[in-house]
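Peer 1: Structure in structure tokens, see below.
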Amino acid sequence: MNVELILENLSCANCAQKIEEKVAKLPFAESVSLNFVTKKLSAKVDQKSYSAFVEAVKKIVNEIEPEVSVLEAPKEKPMISIGEILLVLISAMFFVVGLFTRKEGFALIFFLVSYLLSGKNVILSFFKNIRKLQLFDENFLMTVATLSAIFLKEYPEAASVMLLYKIGQILEDVAVNKSRKTIQALKHLEIDYANLKIGNIIRKVNPKDIVPGDIVVVKPGERVPVDGTVVSGKSFLDTSAITGESKLFVAQPNDKVFAGSAVVDGFLEVKAQSFYKDSSLHRIIEIVENASANKSKMERFITRFAKVYTPAVVALAVIFAILPPLLFDQPFKLWIYRAAIFLIISCPCSLVISVPLSYFASISKLSSKGILVKGSQFIDILASKIGSFLFDKTGTITNGVLSVEKIVPVQISEQEFLKILISIESLSNHPVAKSILKGIGENSISFSSVQDLKEHPGRGIEGIVDGKKVLIGTKEFLQESGVEINHSSEVSSELSYIFVSCDMKFCGYVALKDSLKDDVKKVLNALKSFGAKIYLLTGDKKEVAEKIAKDLPIDGIFSELLPEEKVKVAEKIKLENKGLGYVVFVGDGTNDSPALSVCDVGISFAGSASYLATVAADIVLLDGKLSKIVELIKDSRFTRRIVIQNIVLSLGIKFAVMLLGVFGVANLWEAVVADTGAMLLAVLNSLRVLKK
């Protein structure tokens, strides 16, 4: 089972990293991920081990960060604690009085009171961690650095450093909490209630209590609670929460509507087709929140770097405190002071927080545009060099809404032919089946029950209708099954053909026509401008594929492919492009799962909530607009730039202060201001992703 726990009061990124590492070592926990931004700890745990897991997590958290509470449900907290602000103000007051007190003894008392008031939690955590041998966190670093200053009788420095550190902590909490609230705004789209219609009574219920088949009433200004079909009423729908598009759509009887869509005017009665947990909106929130488990190379690098960086800087501080006085007869007081500067600047929090925050902000921003990214690693890939884009044809570069051009029965009545088509195709979710049904839907044809239904991906479908074995699919599918096809009609390269046989005898065909999406040429040119090659992969005939691709900037066409053959082509292109860049597959999801999985990144279009739950794609576009791919790549590159800026900014400030400290230019309070400033600048820079 998937377990989610909230670590309330978690504000230390370094500690979060340690908690995640320790929990990951528990024998009954798998896929452990701690998202510092949402404070959510996720893991896969056997149901029998749930209680043991929660207790183990509480124990680990208590060892590393005693002030953190482990909750099974999140609780709203004020952004700033009034008590903490009062404590800082009182501490600042004592510090200022100490500065203006002429008697050294009284000044010392004021400075120490200021120090203890602002540093109480830091010092207590330091001694608790010492007992547990938990070293190298910010509590250890700040306490040792300030105690060193007190030892050197630099009382104003010690008090000012702890006071500034406390102020910095509050500012950091405000910045990070603000980013959390901005990023988690998607969570607030969850629906609080549903109007369940029972007979002539409307009852307000929890959306989680709705079951398929229930009728819910949606009033103006309310949002559809579950995916379903309109049974009565008419209204404009705002689907921006789902697709990111602000365009309004008319919803009327028989139209499908998705959870999260807002009713603008009028009333709708909707028949639920799914449970709330399977609805589009809930799936979107789930995908975005779980995305942090798939970490980018940059995030993994920062995690490894943080493990080495702090101990290395502490070791340097010890060396600077001891060697110059011993080797060059320098004063111990001077070099202990300079070593304390190293300790203050050695916490990697600005990196540990800002890098994951940038990626998570990007994933949240993209979700608001109707682009679901299942992990920051895919943002990293799309921001890098892409060698090739592989496009499926039907439903990807074409509209996928095939129109029926001709229905030609052979040696069978039209009524019987249509009956066979409707009976079989009504049981398939394939776009071709839906197009055929739509094309003949105006005819009032009854349909028969079907036995032994079997789909052959990329080839066709078969079943028993009224005792007759029926095959519907490609010409090759029927011929390989032993059906002789006498198709003497003129074949058009602009049309696709679906053939039908009854009891192994050819009994007719359906001619279908597709059209290119409006923006396809513009999008493909934009992708080529990124330096990528474009390939078209399709199951259609060579003539049809070439006709479609004639005016498009396509580098290669692979036609008449079965789903498993698309995989082979994708693997071949990956091998040929090795070292030239990543390979991205773009498909509508129908029969594309193997190819989506084998490429470096798989991008697909979502057709329904159930599709969101099972799709093999790494990135899901919630509408059919290809232009979203260009937007996705641009946003990914912007995010990568922000991440690199944060790394350069944080390390640049830290190394500059270290260098200035060695030469005696920087002092302790300047070091803490620089450290806190680096953190705040990095967090604020990360939030630029949300404004893009």
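Quick reminder: no glycine exception, Cβ is built from N, Cα and C everywhere.
Checked TrEMBL, it gives:
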type	residues	note
DOMAIN	1-69	domain 'HMA'
TRANSMEM	79-100	transmembrane segment
TRANSMEM	106-127	transmembrane segment
TRANSMEM	305-323	transmembrane segment
TRANSMEM	335-360	transmembrane segment
TRANSMEM	642-665	transmembrane segment
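Locate each feature and note its surroundings.
Peer 2: Within the chain, the transmembrane segment (305-323) has long-range Cβ neighbours (under 8 A, six or more residues past its boundaries) at 14, 17, 136, 141, 332, 335-336, 338-340, 342-343, 345-348, 351-352, 658, 662.
Residues 298, 302, 313, 316, 320, 334, 338, 341-342, 345-346, 348, 350-351, 354-355, 358-359, 671, 674-675, 677-679, 681-682, 685-686, 688-689 of the same chain sit 6 or more residues outside the transmembrane segment (642-665) yet have a Cβ under 8 Å from a Cβ within it.
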Peer 1: Go through the chain and flag residues at least 6 beyond the ends of the transmembrane segment (79-100) whose CB is under 8 A from any CB in it; none is fine as an answer.
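Peer 2: Sequence-distant neighbours of the transmembrane segment (79-100): 107-111, 113-114, 117-118, 120, 155-156, 159-160, 163, 166-167, 170, 173-174, 177-178, 181.
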Peer 1: For the domain 'HMA' (1-69), how many residues does DSSP put in helix, in strand and in coil?
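Peer 2: Looking at the domain 'HMA' (1-69) with DSSP, the answer is 30 helix, 21 strand, 18 coil.
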Peer 1: Who are the chain neighbours of the transmembrane segment (106-127) in space, where the CB to CB distance is under 8 Å and they lie at least 6 residues beyond its ends?
Peer 2: 66-67, 87-88, 90-92, 94-95, 97-99, 137-140, 142-144, 146, 150, 155-156, 158-159, 162-163, 165-166
